[in-house]
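Written below as structure tokens is the structure these notes are about.
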Amino acid sequence: MALASTIKVVLGSIAFGFFWVLAVFPAVPFLPIGRTAGALLGAMLMVVFRVISPDEAYEAIDLHILGLLFGTMVVSVYLERADMFKYLGKLLTWKSRGGKDLLFRVCLVSAISSALFTNDTCCVVLTEFILKIARQNNLPPQPFLLALASSSNIGSAATPIGNPQNLVIAVQSKISFEKFLFGIFPSMLLGVLVNAAILLCYFWKVLSIERDQEVEAEAGDLVVENEVNSHRFSPATMSYASSINSQDFSSVIDAMTPSSLVNAEPLRTIAIVDGLGLGNVGISQRREEISSARRYIRTTSRSRTSHAGEANSLPNSEARDPPNENWKRSLWKICVYLVTIGMLVALLLGLNMSWTAVTAALALVVLDFKDARPCLEKVSYSLLIFFCGMFIAVDGFNKTGIPSTLWEAVERYSRIDSIGGIALLSVVILVLSNVASNVPTVLLLGSRVAASAASISASEEARAWLILAWVSTVAGNLSLLGSAANLIVCEQARRAQFYSYNLSFWSHLKFGVPSTIIVTAIGLPLIRSY
């Protein structure tokens with residue numbers, strides 16, 4: 001495809017530039033509107049500048065991907081209601097031998113879950129939960145957030161439903177779920193283990209440092225099992241809003257019940273102080289803040305004791321659930337797990353992935369036999385809108401002819417029938433995935449890479465698709481922009497109510513560069529087409 005007219009190239013590049021800048025820096029001083037609005041702005045400019053028509057913009061939105069994301073998010077909400085976190089918490093903390101052991105478990109659990117329920121959904125569900133585990137065990141959050149984001153990306157490479165770009169590849173290449181899995185699984189398994197080893201080496205000293213005895217004594221029993229078992233995740237957003245601030249302190253206290261104040265006092269107190277940005281002050285000052293918060297909590301708790309007494313004085317028939325509620329809930333939980341397993345079996349049998357996920361989600365809604373609004377409100381609609389804007393922005397940029405022109409310049413040097421060609425192709429995919437994100441990269445390069453490999457053989461064409469899936473997915477670990485899953489972990493960690501943590505661009509980059517290069521390189525020789 002030749003370059004479009006000069007005015008179209010310039011205006012299309014400007015529109016795509018707005019999308020790119022706001023995706024990387026959602027709070028830029030001149031336009032702090034966030035990632036979702038930034039994606040919509042880039043899409044709107046593509047239409048206003050007449051790079052694409054309104055009809056072409058609507059056609060650019062991939063409903064298959066949106067349906068898969070929506071379906072898996074709803075399924076994840078119901079799995080959470082079916083006590084998935086209770087069992088997951090026991091799995092992560094059962095006979096744990098310290099920070100290193102916990103880090104390795106996070107890598108394995110996030111990799112497996114992302115392969116089954118997409119990396120974006122995995123990060124939506126697990127980020128705040130892993131923050132709680134780290135805080136409750138007095139461990140630094142950074143290693144575990146990096147473990148979650150990087151392992152989720154690597155694990156998601158193994159299946160067509162693991163991430164959005166894999167779904168694009170599966171739809172365009174018509175590679176079955178089974179062949180996709182067997183083609184990449186060996187690379188994924190080795191990649192997860194190597195990535196975990198790199199994390200352990202990188203944070204070995206941090207995870208080996210003895211806890212400060214004075215601070216630990218103030219914390220008391222920091223591991224509160226009920227906090228882990230009763231965790232409820234919040235929907236992901238693509239915003240850049242920070243977590244709880246000082247003005248929210250009173251409303252948070254008022255929203256807490258007396259029983260929760262009593263049972264989780266040490267944890268809540270320290271979490272509130274950390275959430276207010278007091279975690280870096282001196283130990284003596286921290287003690288004063290903790291004491292003040294505790295006194296306030298106790299005062300509030302006493303004022304509500306009379307109400308709690310009235311509730312406790314109710315007859316047993318009113319204070320307890322009906323006897324048959326337990327077996328009804330157990331039966332419902334079994335149904336949730338069976339529907340989820342059925343969804344996975346249907347995917348292995350080659351049924352339409354998007355409709356399978358949506359069907360499973362609606363089956364769970366019907367089985368719940370309640371108003372579905374509370375569950376549907378946990379779906380990250382802002383993330384779905386972000387993808388809509390991204391599809392339009394990328395399609396408009398494609399129509400400028402710039403991607404095709406650049407590909408033609410390197411195509412003859414990046415054929416996959418030679419080691420040098422695979423290496424160059426991998427570098428191109430790595431760079432583009434971190435400049436334009438991995439889904440746009442697949443949209444930009446997919447058909448071109450496949451056409452080049454098809455001239456060699458049909459098996460090489462399938463292998464080219466799998467290489468594109470592997471490299472574009474692992475490339476997401478290089479920087480925060482490389483994958484939407486990274487952005488979700490960053491945003492979810494920043495907005496966590498009591499356990500907020502800011503995972504910066506540079507802290508991610510320092511680990512991401514060596515991990516991405518090593519994991520990508522060791523996985524490429526293991527990729528096979530069947």
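Any Cβ shown, glycine's included, is placed from N, Cα and C.
Going by TrEMBL, these are the annotated features:
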- 7-27: transmembrane segment (TRANSMEM)
- 27-475: domain 'Citrate transporter-like' (DOMAIN)
- 33-53: transmembrane segment (TRANSMEM)
- 60-79: transmembrane segment (TRANSMEM)
- 181-204: transmembrane segment (TRANSMEM)
- 298-324: region 'Disordered' (REGION)
- 334-367: transmembrane segment (TRANSMEM)
- 379-398: transmembrane segment (TRANSMEM)
- 419-445: transmembrane segment (TRANSMEM)
- 465-489: transmembrane segment (TRANSMEM)
- 509-527: transmembrane segment (TRANSMEM)
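Of the Cβ pairs linking the transmembrane segment (465-489) with the transmembrane segment (60-79) and spaced 6 or more residues apart, fewer than 3 are under 8 Å, so the two regions do not touch. Between the transmembrane segment (181-204) and the stretches 7-27, 60-79, 334-367, 509-527, Cβ pairs under 8 Å are most numerous for 509-527.
Across 33-53, 334-367, 379-398, 419-445, 509-527, stretch 33-53 shows the highest tally of CB pairs under 8 A with the transmembrane segment (7-27).
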